[in-house]
Amino acid sequence: MAACTVSFLLWIVALQWISAQDYSSQWAAHIEGGLEIAKRVTEKHGFVLLGEIFPDYYHLEHNHVSKRSVNPGLEHHKKLTSEENVKWAKQQTILSRSKRDYLTYVRDSRTSKRFAIKGGLNDPKWPKMWYLNRGKDMDMNVQGAWEEGITGKGSVVTILDDGLEKDHPDLIKNYDPSASYDMNNRDEDPMPRYDQMDTNRHGTRCAGEVAATANNSLCSVGVAFGASIGGVRMLDGDVTDAVEARSLSLNPQHIHIYSASWGPDDDGKTVDGPGELATRAFLEGISKGRGGKGSIFIWASGNGGREHDNCNCDGYTNAIWTLSISSATQNGHVPWYSEACSSTLATTYSSGSNYESQIITTDLHHECTSNHTGTSASAPLAAGIVALTLEANNKLTWRDMQHIVVLTARPTHLLASDWIINGVGRKVSHSFGYGLMDATTMVRLARKWKTVPAQHICNVTAQVFEKPVPARSTVTIQLLVKECNSVNFLEHVQAKISLTASRRGDIKIDLTSPSGTKSTLLAPRTHDNSHAGFHVWPFMTVHMWGERPFGTWQLTIHNEGKLLGRSSLHEWCLILYGTKYSPRTLSPTIYPVEQPPKPIPRRNSKNTKKKSKKSKSQKQSTTPVSTLIKQSVSSYKPNVHIVLFPIKNSSKLSPTLTDNIQTYPSSHRLYSLQNVDGRQTKKNLSPERNISPTTTGKNVSMEITIFFACHAIIILE
């Protein structure tokens, strides 16, 4: 079958062809020969050269073509493409893009008296910034990073949005003109356009979350208040593929993080994603940005929850290149606007119900607001945390950052009914991804991080010949994966699917990995009445992260339609992204693996019924290590106080243990927790009888890595 051999861009072209389009007065063109030849060719035919998208790719406009029309400018297009140096040209169509704050509030009073907060920051809104200052694992653990001197210094973040009030007194100190541009007015000033409704406040609000100045007696404090902040004004006008591409590729050797709180309409019926130019911008960004380490793209997952939308129908959040961020309310619930999907990597806090607090940040007119909302507010908080992490280690690649997010995100205190434990023992949810981002843990892990192995890609095509999916029925197709182009440990998984549907909104698609992890790639959408189906659409999941790909994969398609009508699966394939070797880190952090390995059954022994008398300190030390690990994981303390064993050399364990173990309790059996094929396994290192310790009664504190570890010694009763 040809599903996996079809060009990645084919589904984009097909999607645009079948959709009703308004044509703009702008073109994108590939013109060889350099800038001067491009100017000469375009001016000859009445075009104005607006700027360069990529080398030899240019953004053009024709002043004699309507700004918006249902009819293409065929005559002008024909003249342009008749030139020998013009290798490709395309008239741009106008895209529908929505900001993801969703809610409109009455303009609140933003002026505040300046005062110093006793014993803390003097920013007047700081006491109310609950998502940064609650403690007790109820915030995003940002203050710990600040206390270690990490403020985002040296990191550059750009907000792709409707403008940035660069002279805002809480932003001006960190404003970076080299990270800013106005795509709408085509100049270097990103200042927003003002109107009575403050419709262009969105970008300024997002920027304040990232980099509002700390301790200046004004408004709020940004997560990365030492970072540089810029803005690209690109949403206050017609958005085209060329506009998106230029925004996504602005100054990629200077800008580190691009934060986007917008996307296709969250109406529960749209299927849309980046065009061919924007797709190339993403690819160029991850491969060449930041000196080859890769630009980091943070994306808001979407606000279509009320419309039963699914963010896997959004080609931006559904892409492997973006770090897709969802929202949690103040009380840890799934917000009413949240979209559940398998591409969401992690979560930050945002607004919820009317009685729950919202996000505090900078606002237009040099003011301050307490009413920033939606996943729009979540993405910039994530961008700020990533900026902190990059200060701790600026050598991190874009994939390193995603690994760090997966390993450190906290599922605790997030309330959802769909939490599962995947094949490597990690909790994951369609609503929250791997959990709440933890800034301090990310920073500490980044300091000792070892770059992940190279990414490998494996395409596996299923043999499908027009598989009907009748109404109110389920079709299951299996796909066996054996050797897979050196992909031994999974990262992202895509299922590229082509199907027709009598009603697209009736279709539900699940993918189950060989390890038994079931991920919903598409949930039914009540407003989606389209007959278009999907054409090579790359549904993506991150739920199998770290699993082995080998074995039987299962694709399940449910047609929940009640009307008679034929739906059919035409083709599908798996695209598996991952590494040849298990990614390892030098960090001693206990990763939040929720399910420790099951204890090995004890052998029957005459001594098992005997109870020895123990001192109070010894009684405390007999708590099962599985319990200690769970307790430590839930509290995220880096040290586990067990009763023993600093390991002199964990990579060369002696069979007798005498060279490696200094102390251990006589009442416990000793096991080695090892990483074998990406799974945790135990090996009994004790003889059949308990070993008499050389030293007893000592509690030794050590740090244990329980995932991606080479070796770690633990004690089980």
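Glycine is treated like the rest: Cβ placed from N, Cα and C.
Unlike curated entries, TrEMBL annotations are predicted automatically.
Look at TrEMBL and you will find 1-20 tagged as signal peptide.
Taken from TrEMBL, the feature active site, charge relay system applies to ASP161 (among others). ASP161 (active site, charge relay system) counts 30 other C-beta atoms within 10 Å of its own C-beta, drawing on all protein chains shown.
Feature annotation from TrEMBL assigns active site, charge relay system to HIS202 (among others). Listed in sequence order, LYS99, ASP101, ASP161, ASP162, LEU235, SER261, SER376 are the same-chain residues at least 6 apart in sequence whose CB falls under 8 Å from the CB of HIS202 (active site, charge relay system).
The active site, charge relay system annotation in TrEMBL covers SER376 (among others). In three-state terms derived from DSSP, SER376 (active site, charge relay system) belongs to a helical segment.
Marked as domain 'P/Homo B' by TrEMBL: 451-582. Over the domain 'P/Homo B' (451-582) the predicted model carries a mean pLDDT of 95.
Summarising the annotation, TrEMBL assigns region 'Disordered' to 587-629.
The compositional bias 'Basic residues' annotation in TrEMBL covers 600-617.
The 10 Å shell around the Cβ of SER376 (active site, charge relay system) contains 29 further Cβ atoms across the protein chains shown.
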